[in-house]
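Participant: Positions annotated as compositional bias 'Low complexity' by TrEMBL: 1-11. Taken from TrEMBL, the feature region 'Disordered' applies to 1-30. Residues or ranges marked as compositional bias 'Acidic residues' by TrEMBL: 12-21. Residues or ranges marked as transmembrane segment by TrEMBL: 45-65, 77-97, 117-138, 150-166, 172-194, 215-238, 285-305, 312-332, 352-370.
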Amino acid sequence: MEDQNELLQCSSDDESLESEEQCPPTEKSNDRHHFIYKNHSKTEFIALQILLICSTTLILILLPLNMKAVNVRGNVYSFILTCSTFSAIVLTIFMIIMKSFFMRYKNIRLIQPPLRWSQLLLLSCVYFLCGFMIIYALDRNRVACHLQDPIKGIVLVWSLLYYFFFCQRFMGLQRIFSVTIIIIGLFVAVDYGLCDEFKCRGYERQRISDDTGEWSLQIHAIWTSVYIGGLALFAAYVTLLERNLLTGKEMDSSASTFLNYTVNGILCHFDLPVLHNRDCNDLPVFSWLFLCSYLVFVVSSMKFLILSQSAVHTTATMTTALPLAGIWWSVVQMTPSQNGLLVLAPSFSGELISSLLGLPIVTVGLYLLYNSHFKEYQRSRMTTHFLQAGDSA
């Protein structure tokens, strides 16, 4: 029966417009997780996709605001430490509540992860490393400001490359074509931002240091490479989840200065009166908004990955936030001189035109992915019912 199941899952549907490749032979294992679609409706799928897009957009908007604000009294490490600590606490409380009040989660064991400990350790190390590489590359404009958001689109290219080299199942030509459309749309959306070195996040720079910080071209090149490597690791993290879960001015580096900046940064997150000169700006507001967005992003991305059964589809949904963020920064400016102050200043710029042109293309690609997903989902349901009927007979 297992051989029959494999043949049914790997066979191509001649009546479908989607061409499927022959599945490669897979060795039998004792893994608890298989490529079986979780029952879900179109409404649930679309709602979760919209939630993931909105949370990713908020993260793209709030991250630079937080980093600008925290650098006044602290350092970026204090931001990472505060965000990760509270995320772990809130998610743990959330899991306990879900287990206590919802019957469908009663059997979840909080101290037993759904992955083997070795897999969990590998995922944690990859996520930790990519987070540090990305955050520290963006800190103090080590990567030129006008390049920071446009380069993020490369994460979908990395995800597609990982699929070609390390996939355990085939997406089909229609899905690959849909992802290609999204990549084209992203390029159209961010192309103007890549070329316009005089504008970043809606702000027309007056000095070169507003965009590049106090760094040389060689330092920018090195940190841009680190940034791209961090994005590649993030795409690898989502791919590993798919494989395992379903199946400016340099700071003083002395220890005392580092500790002082870290403590001040943590205190600024709470706006505590312990600070004698409280020039934390809007960090308490930005940090908690970012934390809420990050928690929604984590939960919705995990849930969407489980429903879609595809790291590429999940990453493509995340990258839809890039043209949305471009539209936002065409309406609102983040002024470097005011440490992340938001100023309403709508302008009809090239960045806005690129984002408005790219967003419909990305949306069409997402719609094609959506159709392809539910075709495969319905085919999987029919196969499951057929096998169950055969077993009962």
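Heads up, the Cβ atoms here are built off N, Cα and C, so glycines get one too.
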Participant: Have the transmembrane segment (215-238) and the transmembrane segment (117-138) got at least three CB pairs under 8 Å, pairs 6 or more apart in sequence?
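Facilitator: Yes, the stretches contact each other.
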Participant: Checking distant contacts: for the transmembrane segment (45-65), what same-chain residues at least six beyond its ends satisfy Cβ-Cβ under 8 A?
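Facilitator: Same-chain residues near the transmembrane segment (45-65) but 6 or more away: 138, 148-149, 152, 201, 282, 286, 289-290, 293-294, 296-297, 300-301, 303-304, 307-308, 314, 317-318, 320-322, 324-325, 328-329, 334, 340, 342, 366, 370, 373-374.
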Participant: Output the single range from 77-97, 117-138, 150-166, 312-332, 352-370 maximising the number of Cβ pairs under 8 Å to the transmembrane segment (172-194).
Facilitator: 352-370
Participant: So which residues does the transmembrane segment (77-97) touch in its own chain, when a touch means Cβ under 8 Å and the partner is 6 or more beyond its ends?
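Facilitator: For the transmembrane segment (77-97), the nonlocal Cβ contacts are 66-67, 70, 108, 110, 131-132, 135, 258, 261-266, 268-269, 287, 290-291, 294-295, 298-299.
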Participant: Go through the chain and flag residues at least 6 beyond the ends of the transmembrane segment (150-166) whose CB is under 8 A from any CB in it; none is fine as an answer.
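Facilitator: Same-chain residues near the transmembrane segment (150-166) but 6 or more away: 60, 143, 176, 179, 182-183, 186-187, 189-191, 193-194, 224, 227-228, 231-232, 234-236, 238-239, 243, 311-312, 315-316, 318-319, 322.
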